[in-house]
Amino acid sequence: MNSILPSFRDLPSTPTSIAAATRPPPSKASAPTDSPLIFDPTSDIVSSWNHVFLIICIMALFIDPLYFFIPYVGGPACLASDASMGVFITVLRSMADLLYLINMLMKFRTGFIAPNSRVFGKGELVMDAREIALRYLKKDFVIDLAATLPLPQFVIWVLIPTTRNSMTDHANSTIALIVLLQYVPRLFIIFPLNNKIIKTNGILAKTAWAGAAYNLLLYLLASHVLGAIWYLCSIARQFSCWNHECAREHASRTVACIPSFLDCNSLKKPERQYWVNVTSVLTNCDVSNQEVDFKFGMFAAAFTNDVASKNFVVKYLYCFWWGLRNLSSYGQNLNTSIYIWENIFAISICLFGMVLFALLIGNMQTSLQSMTVRIEEWRLKRRDTEEWMRHRQLPEDLQQRVRRFVQYKWLATRGVDEEFIFKSLPLDLRREIQRHLCLSLVRRVPFFSQMDDQLLDAMCERLVSSLSTEGNYIVREDEPVNEMLFIIRGQLESSTTGGGRSGFFNSITLRPGDFCGEELLTWALMPNSTLNLPLSTRTVRAVSEVEAFSLQAEDLQFFAHQFKRLQSKKLQHAFRYYSHQWRTWGACFIQAAWRRFKKRKMAKELMARENSFYYRTSGEEDGYYYNIEDVEEGPDMDSAEGTSTSAMNDSHNHPQLGATVLASRFAKNTMRGSTVTFVDPSADGLKMPKMFKPKEPDFSLDRTKNV
């Protein structure tokens, strides 16, 4: 004991610290893990159970009217009950009651949103078991209990057997009364459950076909209930005729008619067999006899077609068809008698049919029309577009291009406004969706494969889908470039005239994985980029239907200033390698250099041939021969002057001194002209236009600022 309690020396001095030190540690029983299980009303489990329980409630409403088919005409002027049918219906009803009980237990463990917390947002979720139980007991417990109690089973298997003097008609009336009374709370359960599902999920059915099937099922349920009530009323009307005629015979004392004779349990009694042979009840209650005073009205079909004595399947199908036919036609084909309750029933059929047809069939039509609402909207937009083009008198080629674009956009998006959907989502969810949709497609672009995931994620957030049809111009030469396009599907034709220079034209085909508008990236990478957008050096036109992603100018400028990795040498070299503008500039530069080389070589060869021919003709006239190779080896001025001096020193050995001096001077002038570049006038037409090198960003200023 002393080892467990703390000593006074170990206790703190202050009262607060003493209370904290002596406070017992929290027990594991008070931990949240051991608290009773409480479900969130918006969780998937509760939502799935609500959908399942809604179907169970509808099936239970189908089961209860089956009790009306238990009585049948078992012989001449007598009613009987189908015991095997009663057992089968009781089993189904007991299973439904068990599921109703499970739903009650679920409600004791399902939280709710506090009503006073719904001022802003979703509201505060109450998960306290006591508060949940008190709220349920005050609100829905009584209705759920009334719907769950097994009253028909109690009447059939307990109440009726204990009442020995109960006749068949009394039992049928009791069962019908109990079923109809319990049908009301079961209907009250369906409608709040339906609204709860809609409030939680926004919709009752995920697809239009499911919504249409649900409304059709409710309409068939109403027909099923109406047919069962009509059958039970027909049996009651027949029994009323038998009872009336029996009472009249008994009052006239002509034949001893006992009410127990109308029960099929008395078929084997001798007095009952004698009564059947002498009574007029069968004749006066025969539906086919037109001379009888008793009128069956709209219930006559149950006996003229001998429905009341058939097996369950035949009986049920005929009654279901009767209810569906008269509910759909609002009871217009009914032939009623002057019996007051029969006319009230006919009026109820007419009103009930109109309400159900307007409500359920209207909802079913709305669900089915929602499947084609996009098509109808697209048809109206297309009609408006056609009227606008005719009103503005657009040329036929422009009209065809507009039609192709509208058709292609419909095939690509199915009329869904993707921008509206994206803007309604939170930022993080938009980022994940963009990454899922764009990342795999962006990686197809070779230039993007050099970037890391962080930069690609940032680009995926700002990428916008772009659609172009055949013949559309993306950008024209010398126009401002406002977006950079990355091709996913289709082909583009990119051409340039070198700024409008005559004799120059270059055209390439851009395929999936290529991009255009690279002038915008060069402009964005410049530290001192202005607000003026760069001009396009090429004309880009769609050769086929093109699907692409585009980056706007402000987005590229944001990436250039936010991510310095775009300014790395590796990405710059990758950009130059995959840029068709740089490839075109390199090809034109190599081609111009090669042509200049070929031109200089041709000029040199032509000059050598002319000099050789000139010296050869001059040497023949003067008696001297010059070797052109010796001239090319010494083209400078000093060698020419040396040749002239040596010729003058030897002038006494040669008779034509003056001719020698003139020849040396001419040779000197010729050698001086060989150092000048020869320009062929005929080569002016072959002059290659200058192809400007694409501008490179100068990062020295940015580094100086950072330093």
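Counting starts with 1 at the first residue shown.
In case you wondered, yes, glycine gets a Cβ from its N, Cα and C as well.
Listed ranges 1-35, 491-525; the one TrEMBL annotates as region 'Disordered' is 1-35. Of the recorded ranges 52-73, 85-102, 212-232, the transmembrane segment (172-191) has the largest number of C-beta contacts under 8 angstroms with 52-73. Taking Cβ pairs closer than 8 Å, the transmembrane segment (52-73) reaches residues 79-82, 85-86, 89, 92-93, 96, 99-100, 103, 152, 168, 172, 175-176, 179, 182-183, 186-187, 189-190, 193-194, 197, 217-218, 221, 224-225, 228-229, 231-232, 235, 238, 308-309, 312, 315-316, 319 in its own chain, all 6 or more past its ends. Per DSSP, the secondary structure of the domain 'Cyclic nucleotide-binding' (447-577) breaks down as 44 helix, 40 strand, 47 coil. Residues 53, 56, 59-60, 63-64, 66-67, 69-70, 144, 147-150, 152-153, 156-157, 312 of the same chain, all 6+ positions outside the transmembrane segment (85-102), place their C-beta atoms under 8 angstroms from a C-beta of that stretch. The average pLDDT the prediction assigns to the domain 'Cyclic nucleotide-binding' (447-577) is 80.
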